[in-house]
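Colleague: Input: one structure, supplied below.
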């Protein structure tokens, strides 16, 4: 270019020739590139492959049409793109203007060539022709390839022309300043018109939409329900104005879910996950990167651009100040150019920031979705580990033994490994992976620009420093090198701590999960204190780790605050030592640069920690995603779409060949082949690898199973409690681990037999798993509604009478875990679900035990022998063999995990085994009878249901079903002062007093630092001035979201941005700076170190306050929730409570205190900046006021909108996790029905639809952040520009000008951060708000009333008067509801046995509950042994009465912990009760009593001579049970029957005078039941026994019976009197039961026995 023009420097833009050459060449080269790239070149195959592999990462991961196609179920059909028509006017405008430009430039070039003289260069004609060529391309492009969306090639070309157009015109005007005359008027006007034409063309392109909506999208919905970011104009995208309508709406009104747009299809869960799944890679991290390469690359590239522009600011500022310092007309003119360029740089930087943050955020959002969907998808396919016990407890003893043998190194490795993620995650942990870990990875990605940006900033800063200080600059960096080892030590420690924190958090959530899930049971036994303590203990462990994390953070802050100070001191010291003169400009500029480098240097180590911690999270997710899955045979998700099953031919039917199965367990690597559920507890044999299984493990296996179920017939499976009946069904469903043999089972929903039944399975579990939906939805379970079939199912499953009672019929909402139905109703809804599905195989686990005999008979007649189950292979587990025998084709008897006998009923009858089986199954089955009552839950929630508080009813609509669970409450408006106050109070007012004081000190120190540099400058003599005082802070340096764990300290806005003109400060006593430069350096260092110390102290104080608040608020929340009334627990979903304990507590733990501190310090900086400017340069207050007003408007809009969006996000988090937890509990049922795909789609629609506000509101909130950033950056640029113009106007000296400009920057920066932090703070306080909301829940009466405690012997069995005296009892569930019980009065004597009968909804359970004071009477009273129970504490009352509920709940721990959690009893007593409830045999009892060694329980079926399927009863297979047996959460490693026996044992141990029994023997075989009834009669002889009865047979020999009807006592007398009473309710029940004669005989025998006693 030098050869074209006279100058040798091709970048000397002062030369007009250089300017015009660039203006012609650059667009021409660009056009050439466009042309080459658009021509498809025929490349050889290997080269093409290479080019494709380079291009691949830069392709869009998911285009809009592709996403819309994937979102459809048909997956492959693209939605019709509405034929994109390019408006004709646009093509005409773009082509014509460009054509006119081309012709004019062509004319100029031709004219120049024709008229040139010999002195003129040929280039004077060629250059305009080159320009004309680029315009010809611009004219042809809209015609040749018309596009309705922005043509980015033209946009780039126009931008280039605009830049050079401005350069040409500006250059002419600039030259005029130096006496160069203007070229002819025509040329100047031509240049101006050229610019106008380019601006016109650009505005046409800027107004083009980014995409054309497809046929799926209605135009009018864009910006209302459809996200506008896909369809906004290019201008809207650049300015982010598409977010503004949302902010406008949020400024004046509270935003609701419907105000937030749907996410763009390219960001929706289903399409993103489908695409993500198709991109298989070796590791999870590679897969994540591969599916987000483009976004990550753009984030990186734009961050780089942003950093360059960021440093361009100080670069121009330095030149402006130089120009002011040495004023000449040229330098002043140049200063204006620099001011304009600095302004443009700030705008470009803002644009680069906003775009890179958008791409980074999109990658983060997608990753989070991909991970959440992958976790959910895995949960549907992984093996079910719900019965696994907590290994760690078992391992404690073992580790002690092993550690003694370890070398130090091994021990260290083991310690490191201990925190590594383990397989076999429980529900709490899986929910945590979804909520916490996926989020952490996403946050890491959205803040990744720190990692790319920091090194670039350090390099650029270092180059500037080198120019100032030479090599001395790098002497300072030695400090950093020395600091690195210390840094890496702290980093390593932080990883270990992070693992600890996460593990402790998982454990705490596990305890809370168990606690909240069984809170009802805990209340029955008055164990609240014990459980609150257990939760607090797990919380203390977590707090211990948090304290370690905080200490680590303080060490980090210490290291990274002192490092930059030491760096600058060492650099200055070296500089002076080498004999250089440290002048003020050098000192000031270096300090500013060191400050600029400080931020990225601080970021690097913090982000190293963040990366490592994200690594931990990724590992945990990868471990989970790598867990064992069920086989393709079992999971419908693993089968390729519509692929026929390969082994269809062999797998006709259902059965097992020579199968041996065990419960799923986590396989451990080769070290041990059998680290099973249990671990050895005795140290002596700990090292014997050969020990197969230690007794403490309670391990069960099914052995040698060979069976083929007859097609289309009913098979009955029976056997004693814990013999493996449920395990057999689980094995058939593929939910057990197959050790050997083969499972014959093929699910193929596409193959349908002649009866219209699909080759699939339906299943009803023993503990019914119901979803939180209406009864009807539960029965349909996603199958299409067929009215006739549905009604038949409801009738045959005897649900019709129940639906008639319920106010909303089959639309009644079932609470989580079926809370609003009684046990019998739950069992029948689950049964109806299994029957309704058109499946060939129906597996039913003991559905008859939950219903009374009358219903059982009706189920057998109408259902099992009816048309609905005709031609279906039904496998029924039951004890009621006698009842179902007439319809049974095949009979299987289980014993000890083996098939004891099997065969058709005829074969077994012929061999005489049948009588044996039936006799054993029901010791007295001939008269086996049950009450006409359906089994009920203790709370009798059904009674409460018909009468819900009216506020839940919608008004003015057609009657809608009532909502059992109300929508979650959401606060509106600003955060109230009392919320701030509750937090300040919890973290102690002192903390905040000290912090406020430290903030003031920091600001004062900042100003002192500036004064000292001023003094130092003046110590050189008058010629020194403040030339280069500048510092520049970018808004985007530290985004709030980045502070994940509060580790990244916020930008400490120390006063390093303010200087003060204060000559009065200096005194003559100070030495000359030339002589003693190090004195000045020393004082400067001291001030800086003091500032750092103040910061460290503030960090320590803040952490202390935060931990105190965490501890106090968690405890208050825990106590509030546990002590809340039962009614509240019934209507509040678990997910909602866990959300408070999970995310909200985590927020208070990690980010809240630092947000509050950050607001304080940014506000302080803001005021300091204003004061500085007001003192030095009062005129600045005028623009400051105008800009401030604009800031205020933006900030208010942002704050209001952001607050609403974040609140929505918190609320919408709950349903995802409750739904996920619900799925994990019912995974076996879901898989049995092959419904996984439907649930996965459900999750996608839940992430997108029901909870679109979670992702959308989160995303919308980030977009409002981007909008605020762009606007504030723009305003900041204007403020700085205005200030610079003021400074250039010649009013002020260079020093003051520099100060003003830096203060203007400080002002804008601090106001931006104050705004961002304030929002962050309000959002964090949203968590406090949600916790405070739970601090005043309706509470139960006090646990203990000290002034009124009952005596120790109360209630006494020896009292002669009535032990329980009830008078005129009226009970309501809520003041506005009708009474459930009215006017109930009766007296019960000590040692009496009373039966409580009545049909569903008559109030039995309510009466039983009121004795335990779960509901307080409206009027009337209950006296127990003379004391009115409403006058004593509930703890005192419930510890003296034992309640045995129907659903036995067990907790994780040992069996002993479950029997006697407080350790009040001896081991021998615990063993004794286990023996008495038949949990252990006599021999086991004796041996354990002497040695506490566990041993085998005997076979109940002592070897019948079965010739059909002879089985040797192997003495070692029977599960061994001892007090040390581990119980998994919920007791899932025991059968239902065993759980109920354990619950009985608990009651025996307590020996209360009053026992309330909600007849709890429904899941126990009749033989055991008969023994238990005998145990109850013998053991509870000294107690008053009140039984809520479900079988009349149970209570027919009781002393008296209470029969309730419609909340009143209908009958109350001895059984014999009641059965004689003509037309009596009880007599009718007995008549309906079908065994009237037996019952009458029993009642008569009882009456005669009593008579004899009296006479004797």
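Cβ from N, Cα, C; glycine included.
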Colleague: Write down the single range among 1138-1162, 1163-1187, 1188-1212 that appears in TrEMBL as transmembrane segment.
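Modeller: Transmembrane segment, as annotated by TrEMBL, spans 1163-1187.
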Colleague: Out of 268-290, 337-359, 360-382, let me know the one TrEMBL marks transmembrane segment.
Modeller: 337-359
Colleague: Have a look at 296-317, 384-405, 406-427 and point to the one annotated transmembrane segment in TrEMBL.
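Modeller: Feature transmembrane segment in TrEMBL: residues 296-317.
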Colleague: Same chain, outside the transmembrane segment (121-140) by at least 6, Cβ under 8 Å from its Cβ: which residues?
Modeller: 4, 20-21, 23-25, 27-28, 30-31, 34-35, 94-96, 98-99, 101-103, 105-106, 108-114, 154, 157-158, 161, 201
Colleague: How about long-range neighbours of the transmembrane segment (337-359): same chain, 6 or more residues beyond its ends, C-beta under 8 Å?
Modeller: 170, 174, 238, 240, 295-296, 298-303, 305-306, 309-310, 312-313, 316-317, 319-320, 323, 446, 449, 1034-1036, 1039, 1262-1263, 1265-1266, 1269-1270, 1273-1274, 1276-1278, 1280-1281, 1284-1285, 1288
Colleague: Sequence-remote contacts (6 or more beyond its ends) of the transmembrane segment (152-174), Cβ cut-off under 8 Å?
Modeller: 13-14, 16, 19-20, 22-23, 26-27, 30-31, 34, 94, 134, 137-138, 141-142, 182-183, 188, 191-192, 194-195, 198-199, 201-202, 205, 234, 333, 337
Colleague: Take the transmembrane segment (1078-1101) and find every residue of the same chain, 6 or more past its ends, with a Cβ under 8 Å from one of its Cβ atoms.
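Modeller: Residues 553-554, 557-558, 561-562, 565, 568-569, 572-573, 576, 582, 991, 994-995, 998-999, 1001-1002, 1005-1006, 1008-1009, 1012-1013, 1016, 1019, 1049, 1052, 1054, 1071, 1157 contact the transmembrane segment (1078-1101) from elsewhere in the chain.
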Colleague: Please indicate, using numbers and ranges, the residues of the same chain that are 6 or more beyond the transmembrane segment (186-212) and have a C-beta under 8 Å from a C-beta there.
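Modeller: Those are 64, 81-82, 84, 90, 93-94, 97-98, 100-101, 104, 138, 148-151, 154-155, 158-159, 161-162, 165-166, 168-169, 172, 230-235, 237-238, in sequence order.
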